[in-house]
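**Student:** Got these off TrEMBL a minute ago, pasting:
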type: REGION; residues: 1-26; note: region 'Disordered'
type: COMPBIAS; residues: 14-23; note: compositional bias 'Basic and acidic residues'
type: ACT_SITE; residues: C55; note: active site, nucleophile
type: DOMAIN; residues: 169-295; note: domain 'GST C-terminal'
type: ACT_SITE; residues: Y192; note: active site, proton donor/acceptor
type: SITE; residues: Y250; note: site 'Lowers pKa of active site Cys'
type: SITE; residues: Y295; note: site 'Lowers pKa of active site Cys'
Amino acid sequence: MATRDVSSQSDISKMQRDPDGSFKRQASAFRNTIERGGKFEPERDRYHLYVSYACPWATRTLIVRKLKGLEDIIPVTAVSPRMGAHGWPFASADDYPGTDPDPLHQSQHVKDLYLKADPDYAGRFTVPILWDKKNQTIVNNESSEIIRFFNSAFNHLLPEDKAKLDFYPQELRVAIDSLNEWVYHGINNGVYRAGFATTQSAYEKAVHEVFDSLDKVEKILEGKEYVVGDRLTEADIRLWVTIIRFDPVYVGHFKCNFRTIRDGYPAIHSWLRKLYWNVPAFKDSTNFDHIKTHYYWSHTSINPTRIVPVGPIPDIQPL
Ligand SMILES: N[C@@H](CCC(=O)N[C@@H](CS)C(=O)NCC(=O)O)C(=O)O
């Protein structure tokens with residue numbers, strides 16, 4: 001349990017903005033690598049993944065874990081979507097449907113795991129977390145790195161058909177890296193920069209960047225199945241987790257409302273639905289109730305009544 005006052009780290013309503021009202025995402029602090037011969041060996045029953053189904057960054061890890069068939073090797077625990085003054089709660093602190101207790105430490109909140117790993121930790125208590133049971137610490141809390149470990153570090157423990165799946169293939173790496181970079185800035189983090197802005201000018205700058213970037217993706221996906229090359233890569237996964245939340249949450253809550261995906265972007269909309277309805281790893285990693293409840297309930301500086309809107313109906317349209 002926390003022995004010092006960490007409320008400025010756990011309470012999202014106390015999150016600092018820059019003097020111009022813009023939101024800057026802090027860098028993740030735990031950045032160890034899982035690799036053979038390293039301090040963190042890829043092993044069965046050694047690592048545990050903590051996620052929220054509401055969180056787009058955590059959902060990346062859920063999707064890759066499932067695509068690669070890592071469910072038996074890396075168990076998962078999901079927190080409550082209602083992130084309050086102490087941050088993300090486990091079921092023992094908020095028994096919301098679809099929420100788990102912490103099976104390893106019986107923690108009340110995600111912050112307890114951070115403070116167990118490092119009592120002096122000074123950052124935010126974010127998900128996802130990849131926990132190492134052997135060293136009793138957080139291996140890594142950066143989703144873009146966790147999905148790379150899941151993509152290849154455990155291959156020797158997997159059956160052939162799963163081991164050979166590669167979502168970051170050598171020949172597409174340059175194209176994937178370059179797409180990831182502007183998609184992160186303009187879309188994944190762009191929606192947060194729009195939604196968390198506290199000045200009109202910071203909001204307007206961000207929201208224009210969001211829609212300029214969506215226009216660019218729409219052009220890429222016209223007549224094409226995937227954003228890079230002709231196969232599913234991590235670039236699709238990283239983009240998809242934001243697009244699936246767009247109409248249900250970002251249009252309203254984050255004021256990204258020039259147009260919706262369903263009515264304004266036919267190529268993105270088709271790509272979104274195909275992955276959702278045709279690939280179980282995407283659908284099974286999506287919980288619209290957790291998604292909507294999290295944003296509308298937790299960000300009281302944006303939505304003080306905590307009323308969760310009923311629409312859009314349906315959350316996602318059929319194919
Ligand atoms: N860089 C991290 C970002 C993770 C992140 O910001 N997660 C959010 C939820 S969507 C969170 O846990 N926020 C809690 C807080 O800031 O208090 C990653 O990609 O893994």
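Yeah, the Cβs are placed from backbone N, Cα and C, and that goes for glycine too.
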**Student:** Under 8 Å Cβ to Cβ from C55 (active site, nucleophile), same chain, six or more residues apart: give me those in sequence order, or none if nothing qualifies.
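**Tutor:** Expected: V127, P128, H294.
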**Student:** What does DSSP give as the helix, strand and coil breakdown of the region 'Disordered' (1-26)?
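**Tutor:** Going by DSSP assignments, the region 'Disordered' (1-26) contains 7 helix, 0 strand, 19 coil.
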**Student:** Per 10 Å Cβ neighbour count, which of the recorded positions Y192, Y295 ranks highest?
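**Tutor:** Compared across Y192, Y295, the most Cβ atoms within 10 Å surround Y295.
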**Student:** Does any of C55, Y192, Y250, Y295 have a Cβ within less than 6 Å of an atom of ligand 1? These are the recorded positions; tell me which, or none.
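**Tutor:** The qualifying recorded positions are C55.
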**Student:** Does Y250 (site 'Lowers pKa of active site Cys') have same-chain partners at least 6 apart in sequence with Cβ under 8 Å from its own Cβ, and which are they?
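**Tutor:** V191, A194, G195, T242, C256 - these are the non-local Cβ neighbours of Y250 (site 'Lowers pKa of active site Cys'), listed in sequence order.
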**Student:** Report the DSSP secondary-structure composition of the domain 'GST C-terminal' (169-295) as helix, strand and coil residue counts.
**Tutor:** 93 helix, 0 strand, 34 coil
**Student:** Which whole-number value in Å describes the distance between the Cα atoms of Y295 (site 'Lowers pKa of active site Cys') and the residue listed as 'active site, proton donor/acceptor'?
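**Tutor:** Computed Cα spacing between Y295 (site 'Lowers pKa of active site Cys') and the residue listed as 'active site, proton donor/acceptor' is 11 Å.
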